[in-house]
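In case it helps, TrEMBL gives these features for our protein:
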type	residues	note
DOMAIN	18-244	domain 'Cytochrome b/b6 N-terminal region profile'
TRANSMEM	51-70	transmembrane segment
TRANSMEM	119-139	transmembrane segment
TRANSMEM	145-167	transmembrane segment
TRANSMEM	179-199	transmembrane segment
TRANSMEM	219-241	transmembrane segment
TRANSMEM	262-284	transmembrane segment
TRANSMEM	336-354	transmembrane segment
TRANSMEM	383-407	transmembrane segment
TRANSMEM	413-433	transmembrane segment
REGION	533-569	region 'Disordered'
COMPBIAS	555-569	compositional bias 'Basic residues'
């Protein structure tokens, strides 16, 4: 390149030489070109992931600011600050520094509240994003690993939130730590040692706030940054899923390019998230620690409620009947161990395992890049709504005392009702959702057969009425017919027991379906639309990474859309 320019009489500038040398070692030009050509589908549901990302950005920025002023120490000091009701009271340094941030640091209270609201939005957006991925089947091959990363991010968001609102050492956060101590003590055999390690001795100890501070500002944010980076990298590698529409198939990605359309919109969303968080913090007070006072082990506030994302554990603890067992001199507190550790562990284990379980039930081996309409997967949709019902009942149970006080109810009777609801409602919601999905499929079938009503009605001479219908537009027929239909796994005669179990489970999962009418031409067209992309074996040649650019250039070529994963439009 340099010789050609010299022969034309052009001497490269210093910047051009630096760029050329950098590009020779790192494929900057190629990486930038691929990024600018990246296609992003245009649908509102894809904004949920961006909301989670940008609330995380706001969390990092505000958290760095707060770190400059917060003192993670449980040593007692005499408070002599701007908040006069606590003047002269002995409080911990952590609590005193929180009050200083709120009342003496310029903009400190606003930043504190932005940080708290952003944490709530972060957990909410991740949860909503996971639900969108679940109900549309976007976790299927080849995105199982990204689903696992997403569930891990949600778990880390819960841990980050709990460790964060426990730092001020006020009465509310201390109550949460007291519950956490009880949960740790319920672990068989090692519970006492875990508690002594976490708190540095008997509760409340002297080490829990410094250790939570390390977890909150170093450990969990580092893991979140690494996993967010891995998640975004896999999104680039595997491409986005998109909704069925004319021109959209299982082998392409249709949407807007990264530059300038998507970059402009997503930058606006980033500033909008920051603005809404600032406005919420200005208008709505959250976590007023000065009202609660510094934590004392002998003091507890009535109506104490955790942030919503921890509320389901609180509700499970309140609904579990008292039950203890002594085994070999050890007490097993089932009323704490089961609701606080076993039940959440089973719920998240089910989330981790679900993509692989569904793949085990589905004999198909192709990739899936078209989003499912939830009605077309009635069993999956019903399972998801049943899980949401369990979460909702536990969340309501976490505030049973507040609800009973507000509505003048008996708290014990309300607890019995919620226990019953936890057992009865999930299967009822499962059955209703499944029937509703099948009813919506039947409606799609009727629309394909008869079209839509026009609203025009004719009256015959004999007094009878008849309505007019119009055929569906081709674009709408495309959306309704672009449905991947999985056939149940079958087990041959004399198959091993595990194969028979798999066949029975697959039949239960896939059995309910309303067949849609389609012409021979439409069936052939939909088969082509739903065909998975083919990935031919790499041609023989030099080893990957050989030649200019090295392994990174080879990796970027592997990520290029020219591999056959789809074309951007």
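Keep in mind that glycine also has a Cβ here, set from the backbone N, Cα and C atoms.
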Is the transmembrane segment (262-284) close to the transmembrane segment (51-70), in the sense of at least 3 CB pairs under 8 angstroms with a sequence gap of 6 or more?
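With 3 or more qualifying Cβ pairs, these stretches touch.
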Could you name the stretch, out of 262-284, 336-354, 413-433, with the greatest number of CB pairs under 8 A to the transmembrane segment (179-199)?
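Selected stretch: 336-354, with the most Cβ pairs under 8 Å.
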For the domain 'Cytochrome b/b6 N-terminal region profile' (18-244), provide the mean pLDDT of the predicted model.
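Summing pLDDT over the domain 'Cytochrome b/b6 N-terminal region profile' (18-244) and dividing by its length gives 91.
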Same chain, outside the transmembrane segment (145-167) by at least 6, Cβ under 8 Å from its Cβ: which residues?
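For the transmembrane segment (145-167), the list is 70, 72, 94, 98, 115-116, 119-120, 122-123, 126-127, 129-130, 133, 139, 173, 176-177, 180, 208-209, 212-213, 215-216, 220-221, 223-224, 227-228, 230-231, 234-235, 238, 287, 306-307, 309-310, 348, 351-352, 354-355.
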Who are the chain neighbours of the transmembrane segment (219-241) in space, where the CB to CB distance is under 8 Å and they lie at least 6 residues beyond its ends?
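The answer is 38-41, 46, 53, 56, 60, 63, 136, 138, 142-143, 145-146, 149-150, 152-153, 156-157, 159-160, 163, 253, 255, 368-371, 559, 561, 565-566.
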Please give the sequence-distant neighbours of the transmembrane segment (119-139): residues at least 6 beyond its ends with Cβ less than 8 Å from one of its Cβ atoms.
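Counting only partners 6 or more residues beyond its ends, the transmembrane segment (119-139) has Cβ contacts under 8 Å with 45, 48-49, 51-52, 55-56, 59, 146-147, 150-151, 153-154, 157-158, 160-161, 164-165, 241, 273, 277, 307-309, 351, 354-355, 368, 371-374, 377, 380-381, 384, 388.
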